[in-house]
Amino acid sequence: YITPTSRNILYSHKHKSTISHFQFRFATWKDIVMMVVGSVCALVHGAASPLMLLVYGMMTNTFVDYEREVQELKDPNKTCNNNTIYWVNDTVYETDENTTLYCGVDIEAQMTLFAYYYVGIGFGVLIVSYFQIAFWVTAAAKQTQRIRKTYFRKVMRMEIGWFDCNSVGELNTRISDDINKINSAIADQVSIFIERISTFVFGFMVGFIGGWKLTLVVIAVSPLIGIGAGLMAMAVARLTGRELKAYAKAGAVADEVLSSIRTVAAFGGEEKEAERYDRNLVEAQNWGVKKGTIIGVFQGYLWCIIFLCYGLAFWYGSKLVIDTKEMTAGTLIQVFFGVLMAAMNLGQASPCLEAFASGRAAAKSIFETIDREPEIDCLSEEGHKLDKVKGDIEFHNITFYYPSRPDVKILDNLSMQIRAGETTAFVGPSGSGKSTTVQLIQRFYDPKEGTVTLDGHDIRTLNIQWLRSLIGIVEQEPVLFATTIAENIRFGRPGVTVDDIIQAAKEANAYNFIMELPQKFETMVGEGGGQMSGGQKQRIAIARALIRNPKILLLDMATSALDNESEAVVQEALDNVRTGRTTISIAHRLSTIRNADVIIGFEHGQAVERGTHSELLGKQGVYFTLVTLQSQGQTNTTSGRIHVVCQLLDLDFWSSLRLRSWSQLSNDFVPDALSGSLKIQQNDVEEHVEPAPVARILKYNQQEWPYMLLGSLGAAVNGSVNPIYAILFSQILGTFAIQDLNEQRKQINGICVLFCIVAVASFISQFLQGYSFAKSGELLTRRLRKVGFQAMLKQEIGWFDNPINSPGALTTRLATDASMVQGATGSQIGMIVNSVTSIGVSFIIAFYFSWKLTLVILCFLPLIGLSGVFQAKMLTGFANEDKKAMEEAGQVSSEALANIRTIAGLAKESSFVDSYEQKLELPYKSAKKKANIYGLCFGFAQCVIFLAYAASFRYGGFLVRAEGLQYMFVFRVISAVVISGTALGRASSFTPDYAKAKTAAAQFFKLLDRVPKISISQSDGEIWKNFRGEINFLNCKFTYPTRPDTQVLKGLRVSVKPGQTLAFVGSSGCGKSTSVQLLERFYDPDEGQVVIDGVPSHSVNVPFLRSQIGIVSQEPVLFDCSIAENIQYGDNTRSVSMEEIIEASKKAYLHDFVMTLPDKYETQVGAQGSQLSRGQKQRIAIARAIVRNPKILLLDEATSALDTESEKTVQTALDEARKGRTCIVIAHRLSTIQTADIIAVMSHGAVIEQGTHDKLMAKRGAYYKLVTTGAPIS
């Protein structure tokens, strides 16, 4: 404990001085005074325990003298006279060594005096420890408050480029967690650290004053303890790393499987995956057992050394007392406990160092931000404000890179002018720099080279707040704040009247829909505007832009995310307000651009052409290409408006995907602003789980009962070690009163031998406890993980759609919940058995030796127990309560950071800063109040033990005199009970983990008990011999469980005879893929039926049904294994032979390609098939479907993502595969489906016409239009 760590502490002191001044840099002189006084109090408090030892030593001597006197006076020939023992014949009694003996010890008076000492020390401790804590915590609260305010204000002043490089999530955690870390590093931890170090110093001083020889002997042994502890920490850290690494493999399997759950379900791979997961768990389990064993060995080693140390110290100390008479019995005690206390406190001081280190690390990142000067300071007062603004904007030779991607040139020497009062439209492929120019006008960024001017003034010379107040902006995804509609509009300009708001709402076409809402303008829009539809949000945003009465209006794709109806309304609103303002419109749709005054075409960051609609068509440049692309380029794509939108201006497929994914994502998840609230709701859901009964957890651990039994035995032995120590210790004190020196030596040697025996016993039992519980616990964890994973795979697909059950969340649940449950069984049972035996044995000893004294001490036990609980609570700190209080402020800050662009555009930074600071007041007040409560509790916890000693030793003195109780029994009873009290406290400090484990287990069991809506067991449902593959959809209606408000299928009727090919055509979102998922029984329809061979799908056996279906989807999912294994995955009911694999891959036109690879079929495809091209992945997926030899083949846009060449190959492969099978095709390209037997054109979840290609062409309906124009069907 002593040498190695003390060196560390000195070392870290040296180093701390370099940084600590900057940890306390927000302290005012008041705070500094408080901290200094607090530190002095901590020093005094630290000296209290060693001081108590001096009293303890004197008291021991008194007891020993009294006992001697009693023994001498048993001889009737001796009396006590003038405090010296005389023979009855009045000659002085001399011992063998010719010394006289002192007598007449008034034990009760002495004890009363000692009791006063104790009480005095106790009250002193109460007062100083209160000040020590209260001052430090208050000072810390003040500084933290200051840091929070400064940090948030600074972050809000940063330029947008800085936010691009720092994720919002990270900033939020910094505001909450990192500042909390700083707080814990400058609060109570410092004072506790000072107190412990002071105890360490004074403990040694007491030791050296009492007897330097013994002190040196004890110090000489202590490095053994220090080395043991250090080695153990290292070993545990390494093994934990290994265990985590091993589990990471299994976690990766789980993640892969859960991410591609639809593929797993379609191919019936659930059992196979569970086995694969389990195989990977074995390794993690073995490392866990190793870790537990090693902890057991080291714990055993430490206790063994400690008891051997006791033996050595008492043996050598008794030599010094008896043979050389250098010490009295009291000083022996004082030295021994002084050194022990010093060592203990040094050990306990090290966790504080950890808090300091993490606080310093956190402070570094926080203070770096606070010291950073923003490049564009939005709150600065500098810069001109022009008297009159026309609104001419010019760009002169601008070159620009985003700070987060300095290698990509966005604008390349761009020059253009935008005249006042005109509407200018920007068009061009995505990534050509249109939106970037808008952000430069708002001065979110400054260009690398060149200048942007407003009315001839460089905008860098203008005042930012003023400049931004001239500009109104409406974005593609408008951000609303979580308050009322009126407030949201008021954000546009401070101090507007209600009439202004109504006027703006009318101009934005928003007035009517607002008045229809129950609370009208007082309606809350929800977090991120979540309660409003896209069109409504857009119009509120327009009203917010208009109320500013802006000179410049920027419309960045303001209508692209809307459906046709709302688009028309919003577009109309925009057309009305454009007049007389400089308007810049970026649009992805021609209709919105045609009537602009000037159109500027962008390409590769340059303005390549400008003119009106007709002029540019004549030029046949960028604009011409885009227009023609939009009108004809659609013949091969029929996927909905969104594609049209992109195809208009985006030549590349990916950007359209990107846009599409945006609009879909935004329905489920508005990015970061919302995730906060989602998390919050999630937690509420989880809180109400009833904790699981322990019995049920143990049931899962049944097979390991021999291990549990062994472990409990070990724990029982460990528990009884401490009370046994109390017996031995008091026995040694007793021996000092024996007169016969040889008898005395013999007894002491006997006791030291007993110490050695106890040491060995505790080594063995610690090892037993560690190993057994590790073994049973790891087996349990593995079993739970496997069972949990199987339960997850049994759920229906709809369950996985819920964001709470996202693959990430589920894998975390497998990783943490299972290991937390282990905490409730193994080691927990060990702790409980340990504490119970410790308490039991202590009480038996105590009541046996003196029941009266025991009862007196028992009065203090609840208090000592309470103080143990406080101590435990203190170590975990009061952080959790603070977190609750901080939540409101946290919501403000996260909303502000998530929508920083909008706030900057509205120049509203300062109002958010004010609101944040106002929300901080409450937590700050409660923190100050808490400091006092905390100080009192701490003081109380610290002084209880002194008062307990005072009372019990005083009463003990009375019993010694009045009832002739042996004094060593007094020590024995007191130390036994005090030890059991601390054991109680320790047991109670483990309860939080226990409670956590119980809720974790409850969640786990909730998952295990959940009955899936669609059972995939082998036994449920019908099976029949000759499966033909006739499919009928009868009036199916369906809504996705996660989006209950949009009905996807609205009465779908369509049928396929065996061997026919049915093609679905229609815009995206019309329910084509949904119908396929109903057939696979990923979902069941809400109304209507899917009938297969005359049997309704919901009564068919699911594995049987799925085994008849092969599926190839748009983005095929491959698993991270070899090509052969991926193809074998097609049939998981048997092992597929190599011949079959080759046969299937020949049919899929894959074989030749595979043979060119070095490892042929053993080639690894990489995670998600990343090593292969899309055409290759697609063909593997086709081979996988063919291996099943299915009766029904589902092709979901199987070729849409391929380039022409691979498409041809894949298409041939598909045509080959379709032969003799019922086939359902969903296609994006009409060319791929002209040969189908039935073509069904879908719109809005129903079939609007069906027939063969020729019939439909003759009909001249929707299909005909599609083929000829490529217009979207909506």
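Using the three backbone atoms N, Cα and C, a Cβ is placed for every residue, glycine included.
Taken verbatim from TrEMBL:
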type	residues	note
DOMAIN	36-358	domain 'ABC transmembrane type-1'
DOMAIN	393-629	domain 'ABC transporter'
DOMAIN	709-996	domain 'ABC transmembrane type-1'
DOMAIN	1031-1269	domain 'ABC transporter'
TRANSMEM	32-56	transmembrane segment
TRANSMEM	115-139	transmembrane segment
TRANSMEM	190-210	transmembrane segment
TRANSMEM	216-237	transmembrane segment
TRANSMEM	300-317	transmembrane segment
TRANSMEM	329-347	transmembrane segment
TRANSMEM	748-768	transmembrane segment
TRANSMEM	855-876	transmembrane segment
TRANSMEM	933-952	transmembrane segment
TRANSMEM	964-984	transmembrane segment
Candidates 32-56, 190-210, 216-237, 300-317, 329-347; stretch with most C-beta pairs under 8 Å toward the transmembrane segment (115-139): 32-56
Long-range neighbours of the transmembrane segment (329-347), counting only residues six or more past its ends (CB under 8 A): 1-2, 5-6, 9, 46, 49-50, 53-54, 56-61, 64, 196-197, 199-207, 210-211, 214-215, 218-219, 222, 225, 229, 313-314, 317-318, 320-321, 733, 736
For the transmembrane segment (216-237), sequence-distant contacts whose Cβ falls under 8 Å of one of its Cβ atoms, 6 or more beyond its ends: 1-5, 207, 291, 294-295, 298-299, 301-302, 305-306, 308-309, 312-313, 316, 335-336, 339-340, 343, 347
Chain residues in Cβ proximity to the transmembrane segment (32-56) (below 8 Å; excluding those fewer than six residues from its ends, i.e. six or more beyond): 24, 114, 117-118, 121, 124-125, 128-129, 131-136, 138-139, 190-192, 194-203, 205-206, 330, 333-334, 337-338, 341, 345, 942, 946, 949
Segment-level pLDDT (mean, integer) for the domain 'ABC transporter' (1031-1269): 77
